[in-house]
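Down below is the structure, laid out as structure tokens.
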Amino acid sequence: MSRFAEPVFIAAGLRTPFGRGGGALANYDAVSLSVPVVEEMAKLAEPDLTIWGTVIPNLGWSNIAREIWLDAKLNPNVPAFAVVLACSTSMTASFAAAGMLGGGLNLILVGGSEVMSRPSLALTAEASKRLTDLFAQDPAAALAALGALTPQDYVLPTKGWANRLTGRTMGDHMEETAKAWRISREAQDDWALKSHQRAVAGWDGGFFDDLVISLPELSRDANPRADTSAERLSGLKPAFDRESGMGSLTAGNSSPITDGAAGCWVSNTEGLKRLPDGTPYARIVDYEVSAVDLHTEGLLMAPSYAIPRLLARHHLGFADIALWEIHEAFAAQVLANVAAITDPNWVRDKAGVSEEMGNFDWDRVNPNGGSVAIGHPFGATGARDLSQAVKELWAMPVGSRGIVSICADGGQGTVALLERV
């Protein structure tokens with residue numbers, strides 16, 4: 001049984017190469033980096049609506065989707081609006097689009113972008129109010145006061161984009177979760193190595209050629225490393241817990257600071273007819289959005305609630321899923337979430353699912369690499385994951401199913417069930 005009365009499809013889109021933080025794409029912002037993706041997708045088909053998002057706030061815009069569309073000099077009669085749900089932003093855009101199809105909306109362009117190299121600086125609420133009040137009374141004095149601002153008056157980008165409620169980064173939280181689930185450093189490094197090897201093989205084998213556009217500065221993802229090894233990964237120092245002697249998350253088994261933009265298509269049957277022949281697509285059967293108490297359950301553990309619930313709703317087990325595309329915020333995050341969903345007691349007590357799921361096949365996970373190797377520009381990851389999953393399913397027999405899972409800051413997560421048709 002599908003969530004939707006009429007079939008809804010995700011079709012593979014396009015993305016930029018993902019650049020290293022401070023690297024080739026650092027002179028873009030989230031709007032300008034998105035424009036070439038949207039331009040190229042609009043050449044394939046003009047959408048009826050665009051939904052786009054970015055995560056890191058910027059005072060230069062409010063509706064980034066409309067800014068991108070107009071900067072691309074495309075049909076001004078096509079509406080566009082923005083969404084945000086941390087790392088699940090562009091996947092959430094696809095869910096929003098799926099619910100809006102019909103009534104003249106048959107083909108929707110969704111996606112997201114992030115230039116993590118260029119976070120905006122801002123003033124504290126107190127400094128902003130002080131200057132705003134002064135500008136209203138004496139603009140000249142307010143201008144003079146700008147020169148007297150101190151470092152305490154600025155809101156600087158927090159290390160690792162710390163969670164507002166806890167003051168701790170995602171890496172700090174994931175260290176705690178890795179210890180709770182006894183995820184070893186060796187297991188994390190092993191998964192990170194697989195991610196790099198698979199991403200490099202995907203590029204070398206041509207898998208990404210029709211998913212990634214070329215930019216003047218970059219034509220291939222900058223993060224996957226052909227020269228990494230178990231020895232190199234094991235030699236890296238802990239990046240978050242540097243004091244206890246038990247830290248296991250490193251720069252090598254965590255997703256890197258990344259710049260990038262990605263889009264994909266959401267359509268009904270009529271919309272599919274407007275896409276070029278041969279465009280990979282899959283039916284979106286259902287999805288689940290979940291949230292947990294980030295103080296007690298783990299900041300990035302919400303997918304472990306969503307996955308069993310989604311599978312149980314459709315009477316599916318692990319063997320019924322031919323493909324798992326799991327966002328790798330950290331190797332430990334993938335390992336911990338799978339450890340949770342393969343523990344029947346945990347699934348019953350926490351997710352409220354009593355059905356047996358069977359044996360989990362790791363060989364079906366991220367066959368062309370994941371975020372540890374490819375990179376993780378927050379707003380773009382959902383669309384990247386969806387396009388990648390759709391193309392992977394496209395090579396499988398009709399009826400093959402895939403799960404796309406993304407964890408998000410704030411103790412949230414989104415999971416989609418796709419089917420090859």
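Any Cβ shown, glycine's included, is placed from N, Cα and C.
Worth saying up front: this structure is predicted, and the values here are computed from it rather than measured.
Going by TrEMBL, these are the annotated features:
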ACT_SITE  Cys87  active site, acyl-thioester intermediate
ACT_SITE  His376  active site, proton acceptor
ACT_SITE  Cys407  active site, proton acceptor
DOMAIN    8-264  domain 'Thiolase N-terminal'
DOMAIN    279-419  domain 'Thiolase C-terminal'
REGION    222-254  region 'Disordered'
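Sequence features annotated in TrEMBL and their locations in the structure.
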residue	record	DSSP (3 states)
Cys87	active site, acyl-thioester intermediate	strand
His376	active site, proton acceptor	coil
Cys407	active site, proton acceptor	strand
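Here His376 (active site, proton acceptor) is positioned 12 angstrom away from Cys407 (active site, proton acceptor), judged by their C-alpha atoms.
Calculated from their C-alpha atoms, the gap between His376 (active site, proton acceptor) and the residue listed as 'active site, acyl-thioester intermediate' amounts to 8 Å. Using a 10 Å Cβ-Cβ cutoff, the residue listed as 'active site, acyl-thioester intermediate' registers 32 neighbours.
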